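J.: Take this structure, written in structure tokens, and hold onto it; I'll ask about it next.
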Amino acid sequence: MKYYDILNSACNDVGIGFDENKYNAFIKYKSMIQEWNKKINLTAITEDEDIIKKHFIDCIKIYKFDKFKKLNKIMDVGTGAGFPGIPIKILEEEKEVILLDSLNKRIKFLDEVSKELKLENIKNLHGRAEDYAQKEEFREQFDGVVSRAVANISVLSEFCLPYIRVGGYFIAMKGPNVSEEIDEGKKAIELLGGKLQEIIQVEVEESDLKHNLVIIEKIKNTPNKYPRKAGMVTKKPLK
């Protein structure tokens, strides 16, 4: 139970329940990340304490956005090793969560995690965000989309906003310096049907890590031509 207190403290800070079952799930998940990371590139962060703080607690802090608990159907775009989707699912098993990643090896890992942790109502999808967003079963079907992927806010908005129903939210998990990026991405956000609501500063317990949650509300439907075809989104970001 070495890391119980720090994880419990992080959950208390954001008003989310924590118990021994959730703790055990996080520890099993950590061990699986470390084991699979020997075979495939999941993360450069591999030490026990670093995974707990820089990955798990950082993901827990998404609940700093107080409306997040009320978002029942969630998609995690560019999930990688399952961040923040798996921690969200551990903390709120009743949420419907879809994890999307373009690398099939990562999806196989996430399938194993879902099986080992006995997670239900979760789906791990292999493919590109711009392809799934044009499918009727996914387009504008989600209460919230989250992303911790490394891309600027204009690119992330084009990947993510098409999935969100009007009245839902896009939560982008960004580093400490976002103001310039936000200024450059405002037109793209508006064009895609979004409106910047707030930027929430996040601090991680027992560390000097500081991040930001960029909260974008979906206020109108995304035009059908977005997202553009594979490659265009990143090569020519909307401005």
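Placement of Cβ uses the backbone N, Cα and C atoms for every residue, glycine included.
Feature annotation from Swiss-Prot assigns S-adenosyl-L-methionine binding site to Gly78, Phe83, Ala129, Glu130, Arg148; the stated evidence is sequence analysis.
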J.: Please find, for Gly78, Phe83, Ala129, Glu130, Arg148 as listed binding S-adenosyl-L-methionine, the greatest distance between any two Cα atoms, in Å.
T.: 20
J.: Please report the number of other Cβ atoms within 10 Å of the Cβ of Gly78 (S-adenosyl-L-methionine binding site).
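T.: Within a 10 Å radius of the Cβ of Gly78 (S-adenosyl-L-methionine binding site) lie 22 other Cβ atoms.
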J.: If one looks at the chain holding Arg148 (S-adenosyl-L-methionine binding site), which residues at least 6 apart in sequence have a CB under 8 angstroms from its CB?
T.: Cys59, Asp76, Gly78, Thr79, Gly80, Phe83, Pro84, Met173
